[in-house]
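As C-alpha cells, the structure follows; a few thoughts come after it.
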Amino acid sequence: MPSFNQSIFHPAVFYLTGIPGFETYHAWLSIPFCCLYAIAISGNGMILFVILTESSLHEPMYYFLSMLSFTDLGLCFSTLVTVLCIFWFNAREISFDACIGQMFFIHGFTFMESSVLLAMAFDRFIAICNPLRYATILTSSRIIKVGFAIVIRGTTALVPLLLLLKRLSFCRSHVLHHSYCFHPDVMKLSCTDTKINSAFGLAIVISTAGIDFVLILLSYVLIIHSVLSIASPEERKKAFGTCVSHISAVAIFYIPMISLSLVHRFGKHAPPLVHTLIANVYLLIPPVMNPIIYSVKTKQIRKAMLKIFFSKLI
C-alpha cells in the first residue's frame, strides 16, 4: 500500500480500486470483465454498422438507437484501460489530470445517454400518439440537430463542475472506491469545503438525468392513455410491443445510476465491496444489455443482423 503525505496539497496521483478482498484473484476476475467488455463493444458496434449499412433502417427510431449504441461505446472505452490494467498489472495509479479527463468522458456519456433515452421516448410518443405527422416532425435535419444538442448538453455543464473540482485540496488517503474516477468519489477525499461542488453537481444531475426521467415517465403516461383508447386488442398489443425495448433500456440505465448515487450519498458505512459492485453494474450492464435487448426484441434489427451474418458466411 502506498504511503500518503497527509498535508494539504493538490495530489499528483489517485489510486484506483479493483475488487476489495479479492486482489489475489484479479487475474481470474479479469476474464468475466473482458467478456462483458467484448460483448458490449461488439454488440453496440454491430448495431451501429447494421444501421449505417442497411437502407431499410434509415428511420428516426433507428437513428436514435445508433446514438444509444454510440454513447454505450463511449462509456466502455472511457474505462476499459483503467479497469483491465488494474486486473492484469495491478496498475492502480492515475494522475489527477487523467482522472479529471476520465470523469469528463464518463459523466459526459452518461448524461448523453440519458438525453438519448428521452429522445427515444419522444420518438415513441409521436409514433403512437400522432402517427400521421411522424415523418414531418422527425425529419433528418431535426434528428441531426437533436444529436448535436445531446452532445452539447451532455458536455457543457461538466466543464465548470470539473474546474470547481480542481480548486480543491486533498489531505486524506487518495484511494478511490472504484476502478475508474467518479466525481462524488473524488470529491469525498477533499479536506476543504465541498458544499459548492456538491450543490452544483446535484443541480447538474437534476437538470439533466432528473428532468429526463420525469419527461420519459410523462411520455409513457400519455402513450398509455393513447393506447388504451384503441378499440382493437391486437392494435394495443402491437403498440405496447414497440415500447418494450425502450422501457427495458430506461430501467437498466436509471436503476444502477440511482443505486450508485444513493450509495455515495447515504452509504458512508457500507462495505467497500458494495461500492465497487454497484459501480461496475452501473458501468457495464447498460452497454452489455442494450444491444441484446434491441437485437432480440426489434425484428428489423434482428433480420438485418442475420442478413449480414449469413451473407458473410456464404
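Here the Cβ of each residue, glycine as well, is placed from N, Cα and C on the backbone.
Per TrEMBL, transmembrane segment is recorded for 25-52 (among others). Residues 18-19, 58, 62-63, 65-66, 69-70, 72-73, 76-77, 80, 83-84, 86-88, 90, 284, 287-288, 290-292, 294-295, 301, 304-305, 308 of the same chain lie 6 or more positions beyond the ends of the transmembrane segment (25-52) yet place their CB under 8 Å from a CB of it.
The feature domain 'G-protein coupled receptors family 1 profile' is assigned by TrEMBL to 43-294.
Remote same-chain partners of the transmembrane segment (64-89), defined as residues 6 or more beyond its termini with a Cβ less than 8 Å from a stretch Cβ, comprise 16-18, 26-27, 29-30, 33-34, 37, 40-41, 44-45, 47-48, 51-52, 102, 105-106, 108-110, 112-113, 116-117, 119-120, 123, 143, 147, 150, 179-181, 249, 283-284, 286-287, 290-291, 294, 298, 301. Positions annotated as transmembrane segment by TrEMBL: 64-89 (among others).
Taken from TrEMBL, the feature transmembrane segment covers 101-122 (among others).
TrEMBL lists 143-165 (among others) with the feature transmembrane segment.
Per TrEMBL, the feature transmembrane segment maps to 199-227 (among others). Outside the transmembrane segment (199-227), and at least 6 residues removed from its termini, the chain residues within Cβ reach (under 8 Å) are 110-111, 114-115, 117-118, 121-122, 124-125, 128-129, 153-154, 157-158, 160-161, 164, 183-184, 187, 236, 239-240, 243, 247, 250, 254, 257, 261.
Per TrEMBL, the feature transmembrane segment maps to 239-257 (among others).
The list of residues near the transmembrane segment (277-296) in space but at least 6 beyond its ends in sequence, with Cβ under 8 angstroms from a Cβ of it, reads 33, 36-37, 39-40, 43-44, 46-47, 65, 68-69, 72-73, 75-76, 79, 113, 177-180, 182, 245, 248-249, 252-253, 256-257, 259-260, 263, 302, 305. TrEMBL lists 277-296 (among others) with the feature transmembrane segment.
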